[in-house]
Amino acid sequence: MSEQNTNTASPKKFSDLGLSDSILGVLESIGYETPSPIQEQCITHLLNGEDIIGQAQTGTGKTAAFALPLLDNIDLSLNAPQLLILAPTRELAIQVSEAVQTYARGMKGFHVLPIYGGQSYDIQLRPLKRGVHCVVGTPGRVMDHIKKGTLKLDKLKSFVLDEADEMLKMGFIDDIKWVMERIPEQRQIALFSATMPSVIKRVAEEFLNKPKVVKVKTKTETATNIEQKYCLVGGLSQKLDALTRILEVIEFDAMIIFARTKTLTVELAEKLAARGFTAEAINGDIQQSQREKIINKFKKGSIDILVATDVAARGLDVPRISHVVNYDIPQDAETYVHRIGRTGRAGRSGEAILFVSHRERRMLNNIERVTRQKITPIELPTAKIINEKRVNDFKKKITETISNRDLSVFEKLVGEFQEANEEVTHIKIAAALAHIAQGNEPLFLSEKEPSFGRDQKPGEEKIVPVQANSLKNNPQIPMRRYKVAVGNNNNIKPGNILGAIANEADMDSEFIGSIQIFDNFSTVDLPDEMPKETFEVLKKTIVNGNRLNIEALTEENNKATVGGSNQGKRNFGRKKFSKDSRGGYKGSKDGGRGDSRGKGNRDDRGNRKPKFSRSKPKK
Ligand code: ADP
Ligand code: MG
């Protein structure tokens, strides 16, 4: 075994490693800027057909390290398993399979299949028969399929053992060997493991052919003079709000904010600038000379916030950085350590704040495990706290201005005003001036708004269009969009609303249009000329124990939250339900000429008219 030199001089780019344009295109589109160390050191060897032993911690990007080159070696015209990946658990098999699917996005006709215990053989058999290029499986199930002859390995080019030490711990070592004895002689093997117990080493010696050994040490020592905190936040819009709140209450000297992509750094810097902060972005697209200018301004204090990608901030040494904000969670623990190391320099103390979404908790645990340090949860400052701060700042500013500024011009003016308006009190005058100084921006945040503390599932905000869709089969009927006071938070399905309206208000379901479910409410499109009685019935109608409280959707009440439903699954309010006409409405035959609007109840042409009620609404 030959040891790799892990000290590469300058960071390489993905395009330096020999990957195909198709793979490079995918990496660009998913926002991977640079290869992680394990990727940088494995990809070229694997592309060349060499065997690899890779040792690196979880979260260092091992999946792409083997998947990218091995996918590139696949012959798409050959409809047989060419890449087999063993993973210790069903979850990991699925996760790796999904990653492979993503990385292979540019490969037309490519198929990957996860196989694991607990899933019926039938589901796995069909794709296997049809032909897949890559199989990701747990050892036991892969063994079963090989025994049954349903997984044929004669065309296999490469084999990956992912998380080998984990498999050993789980007692899979004999299964692994069994499988490895059955793969073709002429194949390539990559073995990845976080640690190298002797059993794994022996397996490697027995099966691998002159493997390159790549060992990535994680630099995970974090300085103790940096206070580490994290904050649970929801989607994009909430992150920005969370950030501005934090910026408002903390005392910071200079801050660096890490964002995942180049585009994000620019957007974020612009938004912060619009909120009155001196912020600039630095990323890999910004020219060296420009970058230096920005960093100089940052050093000298004419910029207080730098929004950066990991690459752009590499090696940055600015002692006045008091705060690091991980706006987007880093891809691995090592990156985290690098990032927060931008503060607490030259013996000073620093603070690092990490934003974590619910889906990213695993990464948070990973960082804590690898760095062996607890990151303290913090709550976002509430509107109340912010408002108190604003009051204090306001008072402080008055005191400061009185003691530090020359006010003679204004004193004279105010004096004149007072003489001419004796009835106006001093307080009134001062308040009017404060109002002028404040401008149109309200001094206080609304304290009624939902806060998104640690235990609340935050959702993103969405403005729902108030315009109703027309009915597919009765497009001539004027429709209106209504709001009902139930949504995902009440476990409502479109069928519940449809059923309630159809049954309780006795409305023919063909006149019930689009139904959209959001977390805090739902909308339903109904005929504009709905009889008042029907409307009254609908107000009182109860669905899943909640009153519908139907009302028209307006520009004032159309702010929905999505993505924070309590159903445990993601739902971004895309759940739409359009009720198609069963064709019973004869009025639709007039080809849209129907001028039924407002005349429905007066017309006597019987069933050629829209009839919203099957019978009189219940009283
Ligand atoms: P490991 O197998 O080492 O635990 P993964 O392959 O699961 O790590 O990768 C961890 C995370 O890092 C994933 O979310 C992945 O999408 C991301 N990632 C991997 N490589 C890169 C990269 N070069 N740039 C940005 N993100 C990356
Ligand atoms: Mg992995």
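Cβ atoms here come from the backbone N, Cα and C positions, even for glycine.
If you look up TrEMBL, you'll see 559-569 marked as compositional bias 'Polar residues'.
Feature annotation from TrEMBL assigns compositional bias 'Basic and acidic residues' to 578-607.
Marked as compositional bias 'Basic residues' by TrEMBL: 608-619.
Taken from TrEMBL, the feature domain 'DEAD-box RNA helicase Q' applies to 12-40. Residue counts for the domain 'DEAD-box RNA helicase Q' (12-40) under DSSP, split into helix (H, G, I), strand (E, B) and coil, are 17 helix, 0 strand, 12 coil.
If you look up TrEMBL, you'll see 43-214 marked as domain 'Helicase ATP-binding'.
The domain 'Helicase C-terminal' annotation in TrEMBL covers 242-386. The domain 'Helicase C-terminal' (242-386) scores a mean pLDDT of 88 in the predicted structure.
The region 'Disordered' annotation in TrEMBL covers 559-619.
Among the features that TrEMBL reports, motif 'Q motif' is placed at 12-40.
The residues of the domain 'Helicase C-terminal' (242-386), classed with DSSP into helix (H, G, I), strand (E, B) and coil, number 64 helix, 28 strand, 53 coil.
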